[in-house]
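Chemist: Got a structure here, written out as structure tokens. Questions coming.
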Amino acid sequence: MSEDSEKEDYSDRTISDEDESDEDNFMKFVNEDIHQCALLTADSISDPFFPRTTQILLEYQLGRWVPRLRKPRDLYGVSSSGPLSPTRWPYHCEVIDEKIEHIDWTPSNPEPMYIPTGLEVEPLYANSKEETVVYLAEDAYKEPCFVYSRVGGNRTPLKQPVDNCDDTLMFEARFESGNLQKVVKVGEYEYQLTVRPDLFTNKHTQWYYFQVTNTQAGIVYRFTITNFTKPASLYNRGMRPLFYSEKEASAHNIGWQRIGDQIKYYRNNQGQDRHHHFSLTWTFQFPHSKDTCYFAHCYPYTYTNLQEYLSGINNDPVRSKFCKIRVLCHTIARNMVYILTITTPLKNSESRKRKAVILTARVHPGETNSSWIMKGFLDYILGNSSDAKLLRDTFVFKVVPMLNPDGVIVGNYRCSLAGRDLNRNYTSLLKESFPSVWYTRNMIRRLMEKREVILYCDLHGHSKKENIFMYGCDGSDRCKALYLQQRIFPLMLSKNCPDKFSFSSCKFNIQKSKEGTGRVVMWKMGIRNSFTMEATFCGSTLGNKRGTHFNTKDLESMGYHFCDSLLDYCDPDRTKYYQCLKELDEMEKHINLEKVIDDSDTSLKEITLDLETSSHASDSSESNDSQTDLLKLNSQIKTKKKQLKTKKERNSTIERHQNIREEEQEVCDKGHLVQRHKESDSDVTDTRPSISDDCIFDYFRRQLPNQGFFKILGLKFYCGYTHMISQTVIQKLSRDQQRCVLGTDKKNQETVQPRNNDLYGNCIKVTSLKCPLNKQTPIWTEKTRIPTEDLHHNLKSNMKECPSFQSKKADINWTDDEKRIYRDKNIAQTQEILQYLLPIMRSTKNVQTTQIKEVFNPRTSFQIQHQQKPSSNINIRKCSTSWTPPRNLPLISQRTLIVSTSKWLQPLDWKSSESSLPLGGPKKRRKYSRVKATKTKDMKAASSKWEMTPSSSEKDADKSLQAEGSSQQGTMQTAPHPTKTKGEQPKKKHGQPAFHLKLQRDT
């Protein structure tokens, strides 16, 4: 095969590698010399050597005919020899002849967001025939689908609903990108507006852009748009409408600005078919009388604006050398979709080694902020800076600045003239229905055959969240290297633009509904870094721009930051790359820890399964993860898929539980009641610890030790399934019955021994629990749990017996009775476990890893003993140890506890240990959910934004590694006797302060 046949042949009219490296092979536009010469086509002469075609032009120069190839007119779309390609509209659309133009202006000061006062009015309008219709556009549903298009749209005379009155505002939206369906005057200075849905659909009412004339200065007008469909909007979070005044632009050079008072977004009463609509209302005073003004949802950027911008590039002799403009395809309305190829031209084969970067924008026509980001990118990449030149020398940029020009022209918000969302049809084979996305996918596929594509980014706008962020792709295999690598570029972007880009808002999952998006399709085609950049319609909540709106310069600056981050990502010096990789690894540890802390209904089995499927489960090492043994054990467990129960089985379960409750009620009626404490029902609820929920270990989900049973009047009663009763009922029993029920005639001590092989069992031994009755010392029967030899079987049985309600609910269709039974069982277990006085351990930031391993090691038997005393106070001294925060801490719960009025559990030295929490205390836990490019206390003074020093947590981790090497078989020290620590001051152990816990029970 010849070399020419190997050249890239784009049937979709994209540029080839030959076009990238050499001068344009087609003839230049006809200059003055050729204009004076005769031009003939090859079929107009009878020369047998020339084929009969109209594509060859013959120029008579210097006494001879010179053949030239005719260049297709629409290959470029924009040129210096003629006017721009006219826009084509659906034939039924009315279009005014006036050309709408706005100046490009940026306010000197950031525009603040609106702060609601709570006094905003919510106007509700009823349909009335007496109201005056001020504006009514042509019916959007005149045709059920797109038929054909023409330049200028409908050529019939335009209709004007009312004449130019003295005090009535005049509205107009029949221009490019305009959107307004109907305006009704409901008051002297109050107007009800309705925006038009996307053509050939009945939804997507979000974008508005209209003109207002015949204004009067100094009068408060109210505008209310009544047919929005989204329940949530940024207007309720401080966003203001945009306003433009032609008199302000001509007199003071002021362009688009944020305005409005009494802004309110609310649900109205105009719902149809049970679908509620939402209204946006605001008040405003026009600055000038008899002015022509505009209101818009976001800064408009029309198809004509793009053509003028591309025409300027084509007319520039410098930029046109490395920026080739072609027509990718035509839309169904025959409007052109442009594609730009930006790279430094080379005449050798070195250009084939360049990697490619692909950018697209405006697939949703109402997201105009994406066009402003694209404009900022093109301004920078086509500039004269050294970084821009380096980017052009390194990469080949393929840019599609406007994927949906038809929707932009008619003023749609989301769809094309096919009535479909193009960003859900990248997998479609219907080239005629979705030409722009079909040709884009085809162009990228052919490009990937020639060169590597390192990044794909589709620019969008977001209507519900602030800041700028990205959506990425994360595969189901969750390989750790790829899992973190896909997050490096967004993290670099957040470092380069910390006041606009939010890394914490980025998401990297693939939903089934998003499988047709460009991001997911390109990722499945093999582009590893495939992103969707979302820019808010509102503003920022970060840094110096917090609480302010984004303007056009802010959006354009994101194009520069994108290029800057691309250079950092591909820098031969991989320092920044590996630094971000290390930070992402640390972030994952904290995020997983927060996920366990925040999920109060997560059972031990769910945490284990989450660890198995996480990116760190296969790569965690024993030196940096305190739960390595847990992961090793659980990695061998094969979970079984739970089968759904039939209706008959569920009914039998309900009947069985009802019988159990009836038997228990019968026992209570006979007086055979069991009371483990002397307090009444109200006192029992007050015996819960009065400390922070973040400090409670998840002992409440563990299985209780075997309690045996008491024999009362010939009946068996299991203590593990009892109900607390009041003191008055106990007093009704005889003294012998009370002793028998409360176990005071038994031995004076009960010991709960740990099961050495039970990973989820209680790893403690509790002695001398005081339960006085009539000033007598209670005697408890000692019962010891027998360790189970089969650890694997015991681990599976424990996890199977104590799943959370949330996990059960996902697999079984629970009835109300089953839910109530399940909750009652959990409450009973919680009440029973409180009586064993389980130790409460604060999560400290600097606890050593080796010691915390021993806390959770089932083979380490440590005891917390309590000396039996007649007094009501039990003092426990608990020594805190130093440890590194584990990746996933499975024993922390956020269960809400009722604080005891007597505060029977009080930490004596709370402040000394508060600073050692891994999340900075209960109020600072959310810190790790947001990534900020700011210097922390643990960082040394860095010369740049990328120079960092190891944090304190990393230093503590190194210390813990050294400690682990020196003491591999170390065990946890037994806590000192409580009587010896009374009145002592907190001491330090291993460099960390110890704290005391004081327990007091009411007698």
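Every residue gets a Cβ built from N, Cα and C, even glycine.
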Chemist: Out of HIS204, HIS252, HIS460, HIS549, which one does Swiss-Prot list together with HIS364, GLU367 for Zn(2+)?
Modeler: HIS460
Chemist: Where GLU534 (active site, proton donor/acceptor) and HIS460 (Zn(2+) binding site) are concerned, what is their Cα separation in Å, rounded?
Modeler: 5
Chemist: Report the member of HIS364, HIS460 (the binding-site residues) whose C-beta atom has the most other C-beta atoms within 10 angstroms.
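Modeler: Buried the deepest by this measure is HIS364.
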Chemist: Around GLU534 (active site, proton donor/acceptor), how many other C-beta atoms are within 10 angstroms of its C-beta?
Modeler: 24
Chemist: Other than HIS364, GLU367, HIS460 themselves, what residues in this chain have Cβ atoms within 8 Å of the centroid of the Zn(2+) site's Cβ atoms?
Modeler: ARG362, VAL363, GLY366, SER370, ARG414, ASN423, LEU459, GLY461, HIS462
Chemist: List the same-chain residues at least 6 positions away in sequence whose Cβ sits under 8 Å from the Cβ of GLU367 (Zn(2+) binding site), in sequence order, or say none.
Modeler: CYS298, HIS460, GLY461, ALA535
Chemist: Please classify the secondary structure at HIS460 (Zn(2+) binding site) using three-state DSSP.
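Modeler: Going by the DSSP assignment, HIS460 (Zn(2+) binding site) falls within a strand, counted as strand.
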Chemist: Roughly where does the domain 'Peptidase M14' (299-570) sit in mean pLDDT, to the nearest integer?
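Modeler: Summing pLDDT over the domain 'Peptidase M14' (299-570) and dividing by its length gives 94.
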